[in-house]
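Copied over from Swiss-Prot, here are the features:
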ACT_SITE  ASP621  active site, proton acceptor
BINDING   LEU502, GLY503, GLN504, GLY505, ASP506, VAL507, GLY508, LYS509, VAL510, LYS525  ATP binding site
COMPBIAS  1-23  compositional bias 'Basic and acidic residues'
COMPBIAS  49-62  compositional bias 'Low complexity'
COMPBIAS  96-122  compositional bias 'Low complexity'
COMPBIAS  206-216  compositional bias 'Low complexity'
COMPBIAS  370-380  compositional bias 'Basic and acidic residues'
COMPBIAS  422-439  compositional bias 'Low complexity'
COMPBIAS  884-893  compositional bias 'Basic residues'
DOMAIN    496-777  domain 'Protein kinase'
DOMAIN    778-861  domain 'AGC-kinase C-terminal'
MOD_RES   SER140  phosphoserine
MOD_RES   SER144  phosphoserine
MOD_RES   SER171  phosphoserine
MOD_RES   SER175  phosphoserine
MOD_RES   SER185  phosphoserine
MOD_RES   SER300  phosphoserine
MOD_RES   SER414  phosphoserine
MOD_RES   SER462  phosphoserine
REGION    1-124  region 'Disordered'
REGION    129-148  region 'Disordered'
REGION    163-243  region 'Disordered'
REGION    334-480  region 'Disordered'
REGION    874-893  region 'Disordered'
Amino acid sequence: MAGHHHEHEQERDHEQEHEHDSLQRPTTGSERTRSISFSKLLTRSWKRNASSSNNMSVSSVNLYSDPENSRESDHNNSGSEGQSSRFSKLKSMFQSGNSSKNASAHNSSQSSLEGDSASSSSKLRYVKPMTSVANASPASPPLSPTIPETDVLQTPKMVHIDQHEHEREHSNCGSPIMLSSSSFSPTVARTGTGRRRSPSTPIMPSQNSNNSSSTSAIRPNNYRHHSGSQGFSSNNPFRERAGTVRSSNPYFAYQGLPTHAMSSHDLDEGFQPYANGSGIHFLSTPTSKTNSLTNTKNLSNLSLNEIKENEEVQEFNNEDFFFHDIPKDLSLKDTLNGSPSRGSSKSPTITQTFPSIIVGFDNEYEEDNNNDKHDEKEEQQTTTDNKTRNLSPTKQNGKATHPRIKIPLRRAASEPNGLQLASATSPTSSSARKTSGSSNINDKIPGQSVPPPNSFFPQEPSPKISDFPEPRRSRRLRTKSFSNKFQDIMVGPQSFEKIRLLGQGDVGKVFLVREKKTNRVYALKVLSKDEMIKRNKIKRVLTEQEILATSNHPFIVTLYHSFQSEDYLYLCMEYCMGGEFFRALQTRKTKCICEDDARFYASEVTAALEYLHLLGFIYRDLKPENILLHQSGHIMLSDFDLSIQAKDSKVPVVKGSAQSTLVDTKICSDGFRTNSFVGTEEYIAPEVIRGNGHTAAVDWWTLGILIYEMLFGFTPFKGDNTNETFTNILKNEVSFPNNNEISRTCKDLIKKLLTKNESKRLGCKMGAADVKKHPFFKKVQWSLLRNQEPPLIPVLSEDGYDFAKLSSNKKRQTSQDSHKHLDEQEKNMFEERVEYDDEVSEDDPFHDFNSMSLMEQDNNSMIYGNTNSYGKIAYTPNSNRSRSNSHRTFFKR
């Protein structure tokens, strides 16, 4: 037997030397490192037999050993260790062959005992043979005060063998060593020496001993170490299982046993002092001056599976986490309504797909016992935090909590049993449990009744969709594609105050107005219904409203309100302080700008046209008069009365590689042609004059005319009259003045845009993508156009140009009576009553014009100031804009 014993000792020495290199040094509670998850070390068969509990396992291991005991221990063990190791090496030299045979025979017998679960798991290591406590093999000193030697996990099939050996050991040893119930300084038998360790010295394993347990932790009386090698008597198989778990992993020697590895019987005995009224504190620390690791552990690092991810913890009290003032007459065992200790230790079946987010106490449940395929998934969700279990509830804010407990807010893998503890003495929580809806997970779990978190923690009720009133929309508004952006009209003509006239046309006027309620400035376009009926422009205003309401682009004006009265239509739009871009060109001496500035404005116009084409709209009226300057200096397209929407527009196609993605905008209006003769005569495309119909390519023709006018100050085909202008457009080729300051790429772009054959014109194939690929726009950052510095900034100034006076020259004021009539007419415009959509009859020609307000208004609208000279604009150069061609700045031209 002695030879056989030393043969196994030799093999275990080699194995321990190999395992020692792979062991990780346990960290203190303040270090933030990842620790080993207990659920990852358990096999499936062990996991199915583990039971969940509300019990708390406290491990009080002291890292600072007693110097006297450690020196004496080293002295006693040094000689025996050397003698044993020399004898083992000498023995192996002569009996190497016999040792191999015995080792293989022992491994085969051990494998037969462990069964399939041990053979299928790669995480199980060699299990030490069970020996008697009376074994007098010498114990070696510990490797380090903080590095306990890990033992191996035993499968559930080995539990009954462990119990049999354990009972035989106790029968041979006589009376076991028991802990005093009056002291929390445990005394643990030390094999081979009969010496007792002091509470300040951590119990470390013996490297060369055959004891089945390698780690022992100092625990209170209620938490005895159930390892067979320590000589504790136990007739409870569940307690023996918990002892095997404690002895199998060094992690739990410091952190305590997880609740899902403990049985309900441990919980019952743990609560016994309180049930008997003995007055012994359940979670009192050992009578040692040195704090244990569990007391100095940083609670802010706790997370799922004890992985310290710096998860924040909200603490409601600043006192010690453990409570010490629990009433003696309170039986925590009686308050655990939902504890597994009341019934079977079998884990409940959780059918919830994802872990619940629980506020307050936490506990862990295991997966269904028969559902093996979800074991590995549930291992990631199993938690090992036991510090918030078994709390004595008191009233706090009308809910059940303990006055000296720091309640963390953290995740839990399932609905906690600790919540039942808090709700056991709270009438509000019990009533909330009764009124819980059928959608609760408890309805799907037989025998489980877990209240929602808000039943015992006061929380603000979550807002429901029904709490927010749905915006009012008329039946006609709900049928429009832009109905999600607007609601029924919130303003009227009386809500605005006229500041001055900005411009006028054949069917209406544009006023600068101030909203009385918000003091914001807008541009209000007022159209006469009578004039529109006479000129047959009803469809035009409906198209303009649809484009303005549908568009959401930085280079297209924003529509805030649109409504109608008995005589007028109103379009309340964003006020562009810079006025018409045509006016800005007219303020220049040569009526033109340099090539770099023209490239900037042309690129923004191209981006706006691309957006309109994506929506299926053809602008058809691009000219400097319809381009407005925002207060930031960027352009804004307006006046969409001549625009038209292509019928049966197709979805745009994205082409190109990842580095150069292009959007085919021509397909949005592909196949659509219109014969309308619209546009300004100098900007009309040749196909419009011919009357054969036109497509979206007319917008690229007008872009070429616009770039030409920005560079040279006049249009390329202008004649003395309309007929001569049309003749030049149809027959003459574009020519450039003798000006070498215009680059070749710029001239090439203009020529390709002004190609008379629309099928060969630039942009006829892929729309805006063809234009943006031209070398003229090579350095343009299309995605950052809105953030680029514009060439000039409009500023309100008394010395600026008064555009209202310029436009007044077009008025026909033949007499003073007509002037009074105009004033009276403008006054009536702001006194009309709004007609809502439901009030307009179906036979009304303007019944499709919606009275609506934008739901989310832009706060960047200008605020009215009395000192501002609205209408008088001065243009200042932007000093932040870099110019490569400085000798031809905006003002020099």
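Yeah, the Cβs are placed from backbone N, Cα and C, and that goes for glycine too.
Feature map: Swiss-Prot annotations on the structure.
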residue	record	Cβ contacts under 8 Å, 6 or more apart
ASP506	ATP binding site	GLU531, ARG535
GLY508	ATP binding site	LYS525, VAL526, LEU527, SER528, GLU531, LEU569
VAL510	ATP binding site	LEU501, LEU502, GLY503, GLN504, ALA523, LEU524, LYS525, VAL526
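When other Cβ atoms within 10 Å of the Cβ of GLN504 (ATP binding site) are tallied across all protein chains shown, the result is 17. Neighbours of LEU502 (ATP binding site), defined as other CB atoms within 10 A of its CB across all chains, total 22. In this record, ATP is bound by LEU502, GLY503, GLN504, GLY505, ASP506, VAL507, GLY508, LYS509, VAL510, LYS525; the longest C-alpha to C-alpha distance in that set is 15 Å.
Around ASP621 (active site, proton acceptor), taking its Cβ as the centre, 22 other Cβ atoms fall within 10 Å, counting all chains. Highlighted in sequence order, VAL526, LEU527 have their Cβ within 8 Å of the centre of the Cβ atoms of LEU502, GLY503, GLN504, GLY505, ASP506, VAL507, GLY508, LYS509, VAL510, LYS525, the residues recorded for ATP, and are not part of that set.
When secondary structure is read from DSSP and collapsed to three states, LEU502 (ATP binding site) falls in the strand class.
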